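Student: Before we start, here is the structure in question, set down as structure tokens.
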């Protein structure tokens with residue numbers, strides 16, 4: 001289900017793109033101009049041949065012998081990831097998770113713009129988090145229509161997340177970033193990414209149990 | 001760097017274990033006793049041969065023709081992931097993220113026990129989140145020694161996360177679950193798992209950009 005220019009790309013390859021992107025961003029900060037797939041491989045804990053295979057899904061990004069041009073690669077991967085689109089996001093749910101996400105400075109750095117936060121709690125409507133206003137959920141549809149919102153971050157209680165998803169999909173939202181442990185069902189096509197924090201905790205647990213330490 | 005019984009297991013395989021575990025848990029709830037690798041494959045969006053390869057790292061878990069025993073597989077994978085160890089955790093940092101994580105019911109369901117929360121803000125010391133007390137960071141070392149804490153969840157501001165990691169490692173903590181965008185350096189072996197939320201948002205962005213909708 002994950003494609004690029006009509007070609008099927010394995011999910012594991014897609015999942016590595018943000019990691020490549022982050023690492024290339026760090027190289028850029030250090031003013032490093034070129035990197036070989038071997039060095040990239042060591043840093044990313046992926047074999048060099050896997051990196052070349054990964055990149056081949058997207059056209060290859062230049063000659064392997066000579067190494068990759070860091071800035072070019074960073075820009076290309078950012079483009080493929082849609083980070084130059086300036087996607088506009090809203091957060092639905094201004095509880096602790098919504099607050100934490102609104103304060104997460106990395107999202108803006110990656111090109112996402114937080115346009116609004118929605119909640120049902122009258123006592124916090126009109127307040128701001130990180131300079132972004134909390135609005136009443138009753139104004140959700142109107143706000144999305146007027147502001148061309150692309151992505152909704154679902155940080156609501158579990159009990160209402162499916163209802164919220166339905167409303168958002170009906171508004172033509174393009175993507176749902178779902179933090180609840182509910183498998184969303186939608187009657188119209190929409191991109192969905194579920195965050196399962198406990199997967200990461202279980203991976204840590206594995207490392208402890210199996211004695212894998214850094 | 002990720003091993004099982006001394007054998008090297010690729011990180012991508014390890015990362016799939018929590019997903020298998022979650023899905024098997026759902027099957028158990030539906031009272032499903034056996035599942036073929038083909039059905040598991042469709043649900044998990046991984047090829048059946050990949051699933052068999054994954055399981056072979058851990059001994060195979062039974063015959064493929066007859067299908068897998070769901071309860072056995074669930075228990076075995078839980079064991080491998082260390083979920084039966086009853087790992088005791090603390091949260092360092094009781095801001096919005098710390099609050100959100102303390103209220104995250106899934107962690108307890110996965111066998112992790114939250115024993116304490118630490119902060120520096122005098123006005124919240126002694127309060128409780130989800131029944132767990134917020135204590136002053138000055139008592140961190142004493143608490144860990146007395147309560148045999150395994151895992152520390154780092155939910156502090158970025159500026160202090162390395163200092164906190166140093167203190168925790170000096171106490172002999174076994175695992176650090178790091179939510180900050182700081183690459184931790186430790187002078188003693190410790191399991192580390194970094195959460196990069198923006199990776200997940202970038203994956204969603206890719207799906208929107210490339211028109212991959214569910």
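Cβ coordinates come from backbone N, Cα and C, glycine included.
Below, the features straight out of TrEMBL:
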DNA_BIND  B:19-58  DNA-binding region
DOMAIN    B:82-183  domain 'CoA-binding'
BINDING   B:93, B:94, B:95, B:96, B:97, B:98  NAD(+) binding site
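I'd like these features described in context: how deep, what's nearby, how far apart.
Tutor: Beyond the DNA-binding region (B:19-58), the same-chain residues lying 6 or more positions past its ends with a Cβ under 8 Å from any Cβ of the stretch are 4, 7, 9, 13, 64, 66-71, 73-74, 76-78, 80-81, 83.
The average pLDDT computed for the domain 'CoA-binding' (B:82-183) is 96.
In the three-state DSSP scheme, residue B:96 (NAD(+) binding site) falls into the helix class. Sequence-distant contacts of residue B:96 (NAD(+) binding site), defined by Cβ-Cβ distance under 8 angstroms and a gap of at least six in the same chain, do not exist.
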Student: Among the binding-site residues B:93, B:94, B:96, state which ones have a Cβ less than 8 Å from a Cβ of chain A, giving them in sequence order; state 'none' otherwise.
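Tutor: Filtering B:93, B:94, B:96 for a Cβ under 8 Å from chain A leaves B:96.
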Student: Looking only at Cβ atoms, how many others are within 10 Å of the one on residue B:98 (NAD(+) binding site)?
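Tutor: For residue B:98 (NAD(+) binding site), the 10 Å Cβ neighbour count is 24.
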Student: So which one is it: of the binding-site residues B:93, B:95, which has the fewest other Cβ atoms within 10 Å?
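Tutor: Comparing Cβ neighbours within 10 Å for the binding-site residues B:93, B:95, B:95 has the fewest.
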Student: So what sits near residue B:94 (NAD(+) binding site) in its own chain, CB-to-CB under 8 Å and at least six residues off in sequence?
Tutor: B:102, B:117, B:118, B:119, B:121, B:124, B:129, B:134, B:155
